[in-house]
Each structure stands twice: as structure tokens, then as C-alpha cells.
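Copied from TrEMBL, the annotated features are:
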- Cys34, Cys235, His260, Glu264: Zn(2+) binding site (BINDING)
- Lys296: ATP binding site (BINDING)
- 21-347: domain 'tRNA synthetases class I catalytic' (DOMAIN)
- 36-46: motif ''HIGH' region' (MOTIF)
- 293-297: motif ''KMSKS' region' (MOTIF)
Amino acid sequence: MSDASQGLRLYNTLTRTKADFVPIDACNVRMYVCGPTVYDFAHIGNARPVIVFDVLFRLLRHLYGETHVTYVRNITDVDDKINARALRDFGGEISAGNLSLNEAIRRVTEKTADQFHRDVATLGCLEPTVEPRATEFVEPRADGKADMITLIQSLIKRGHAYVAAGEVLFDTESMPDYGQLSKRNLDEQQAGARIAVDAHKKNPGDFVLWKLSSPEEPGWQSPWGRGRPGWHIECSAMSAAYLGEVFDIHGGGLDLIFPHHENEIAQSRCAHGTSVMANVWMHNGFLQVEGQKMSKSLGNFYSIHELLETETFGGRNWPGEVLRLAMLMTHYREPIDFSVRKLEEAENTLRKWKRAADLAPAAVGQVPVEVVEALSDDLATYAAFQVLTQLAGDAADGNQAAAALKASLLFLGFDVASAEVDEDKVAKAIANRLALIAAKNWAEADRIRDELLSQGIQLKDGKDPVTGGRITTWEIKR
Ligand SMILES: [Zn+2]
């Protein structure tokens, strides 16, 4: 193990091997994960990468320090499915001239993104460091961050893209090692799922970087006319904007390997002249429901929201943390069969763990090294959970096993604190601490802060914008 790896080993789709993870800069470990296309409720298959990479984010923060990890997860808010949804939901108002298409699209994407945020917060996921929206990265930006139009211009200038029939296309033959991630060669290439094979392409595998928009479609002015970007270019732009031309980890679902991630790699490497886009590529496995592929026609298509808030799955609703545990009981690279039985099993396990963790003393426990080691082996969550079950068995009133279990549950994103928070007590403690600070009794003030933290309550100090005086707010630390 090299020192910089902190013992972390990750499976890399690019090399098809598990290897020590060595960050480019241990002070800023950089990860990009493809986020949702916001046209409809996110389904439970979408929840899997969000939960899996949340665990990795937590682990990286634990290993390298909370402020030394940058996690970018984008929001795709330009897509033909979004246009279709806007026309379906607001078509009447648009044709009556009461609403512009852009406004209708904004309403669809904002509502859907808000729902997504509520869903994933209920699943115990931390917010990523940055959550850029594609539409803000189409045109050159005032802050000089990478944008899609400038990237496409560089690709044309470097001989990797061409204009044909109103489209800008990536020239796959201009990149001798195109296809490294999916291990497909050019002969096997099919066009991306969103684009029909057209005669204007030099090669069937060439994919769209930019396409013209009709007046009824959203569009931006560009050197190639009013149009909109292809799907893949947004992630090349937003990852470069926040993580640089080469970064550490790129993640997403297995279904994104081809064409999406393959094409992200092609665009980024050819635009920047680099040999890699991200050093490690991680992909979570597929999700089935009750042994069958999830599909609308089979009637087994469930949104996260439905499982949380309705009784459509197994005749009852399910707490977010039960969904979270059920998702993590299977290793992230394995296919998962999401079933009522699995959710029941997760719920029982969680109940036992939480009951045992309730025995923990007030002082904050350490996350046991065995839990960190298990997760550091390519996120072997099942091995980490074995440690938790062992701790639950050893837990007794006020003992260390109970404290370690509670710390582990908090670390893994399970809510063990919120049920017990007495808000009045917290408010009194905060007032008490502010009085101590005013009296310059720092040691006692810090003691109160640490005591609250040990109960999972994190204080945040800020300034009152009017008086300039210190104000303190609090939140549950996950
Ligand atoms: Zn992407």
C-alpha cells in the first residue's frame, strides 16, 4: 500500500482491475458522478449510484479530510425528453401564448430537481460539493470556466470534429484508441442511443456534439447556428469546469459506460490533449425489481418517491434509510434484486443496530478501523455490515461497542440522532455557549460545542447581517 492511497483500493473499469487509489492531489481528491436528467421522478435504479457514490464520498472525506474532497454531480436540464414533458404539461398555455417554451422547461426542470433533492436527502445522501446545471455551461461563461461551445470549438480546431448537415459531430476515427473504456473497436460501434445513424456521418460511431434547434426547441446561439448540445459534451464541460482536465474518479451506472462515458472520454481527452480524463472509472451494477427488469410495461417501474411516500410497493411505504441499507447490502458492482423481502430484511437489521446503538454513551465514538478497512476494499459494504452486526451483539449500556456502532451508523449515513434531539435543550446550550464566548471562556464554550457534536448536532457559527454579532445555527451531522 502506498501512503497516499490511505489503504483504499478501487476497481477501475478502464483497466478491469482493482488497484491502490492514489489521488492526483491528496489535498483535493476530485470525483465526478453523472446526475439525473430532470424530466420526471427519479426511479429506484437512479437511486443506486446516488447512494453508492455517497458512501464513497463519505469514505474519501474520512480518509483525506472533509475539506479535501470535491464531489461534482451534475443536473441534466437540457434534453429532448424535457422538451417533450414541457409540451405535454404546458402545451395549452404555450399555444395560447401565455407561457414561453423556455419558461415551461424551467418549470419542469425546477420541480423535478427539487423532488430529486428531497428524495436523495431522505435516502441519507450528503449534498455533493457542487451541483452544476448543464444549461449554465452551454455558452462561454463570465467566470471563464469550461463551457460546451468552447470545447466543441477546440475539438474542431484540433481536427476531432466536423460540421455536417447542420450538426457538429465527433470524428471517432481521429482518435486511434477510441473505445478503451467499453473495449469496443470502431467496427462494433453503434451510434449513441439518442441519435439515428445518418448518411452525413463519416463513421456510424460518430456522435453529435451540437445540433440545430427548430424555433419550437430550446436553443443557444453558436458559431454553427441556433442549436443545442448533444448529451455527452455537458459532462466534459462541467467536470473540466470544477475538477480540471484530469481528475481522480468518474462514476455512474453500468449503463453509462457506452456510449456516454466512452464519448465523454473522447471529447475531454481530444479537446485537452490528455492521455486520460479520469484515472479511475467506477460503475454500479444494474437493478432489478422482484427478479425482473424494471419497465413501465411490466408495471414494476417505481420511483423513489413512490417507495417513500406511497403504499404501491409491498402495500406500505418505506423509510429512506431502509431503502439505503437494502441498496448497500449488495456490493455495488453486483446486480441487485430489489424486493419487498430485501427491504424487510434491511428494516429488521437496522432496527437491531439502532436499538444497540441507543446504548451508546454520550461521548462520540470512533468509527472502527475494521469498518473503514472493509469499505476501503472497493466499498465492501457487506463486510462493513458484518462488523456492525458484531458490534450490535457486543453492545451493552454505555460500552465501547455501542459507541463504535453508533459512530459507524452516522458515518454510513443512517440517522441515529434526529429522533432524540430536544430542540429547546439545544437552544439553551447554544445560548449558554454564546455567553461563555462573550466572557472569553473559550475552553468551556468548546466543551459545549463538542458535547453537542457527540450527540450528532453540529453547530455553525455565522454573522448576523444586521448587527454583525455572532449567531449560531445547528444541524444534524450525518
Ligand atoms: Zn455524464
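Easy rule for this one: first residue shown is 1, then count along the chain.
Cβ coordinates come from backbone N, Cα and C, glycine included.
The two recorded residues, Glu264 (Zn(2+) binding site) and the residue listed as 'ATP binding site', have Cα atoms 29 Å apart. Between the alpha carbons (Cα) of Cys235 (Zn(2+) binding site) and Lys296 (ATP binding site) lies a span of roughly 28 Å. A Cβ distance below 6 Å to any atom of ligand 1 is met, among the binding-site residues Cys34, Cys235, Lys296, by Cys34, Cys235. Cα of His260 (Zn(2+) binding site) to Cα of Lys296 (ATP binding site): a span of 23 Å. Other Cβ atoms within 10 Å of the Cβ of Lys296 (ATP binding site) number 8 in total over all chains.
Between the CA atoms of Cys34 (Zn(2+) binding site) and Lys296 (ATP binding site) there is a gap of 23 Å, rounded to the nearest whole number. Of all the binding-site residues listed (Cys235, His260, Glu264), His260 has the fewest other CB atoms within 10 A of its CB. Within 8 Å of the centroid of the Cβ atoms of Cys34, Cys235, His260, Glu264, where the record puts Zn(2+), the same chain has further Cβ atoms from Trp231, His232, Glu234, Ser236, His250, Gly252, Leu256, His261, Asn263. DSSP assigns Lys296 (ATP binding site) to coil in the three-state reduction, outside any helix or strand. Following the DSSP three-state reduction, the secondary structure of Cys34 (Zn(2+) binding site) is coil. In this view, Cys34 (Zn(2+) binding site) is surrounded by 24 other Cβ atoms within 10 Å of its Cβ, with every protein chain counted.
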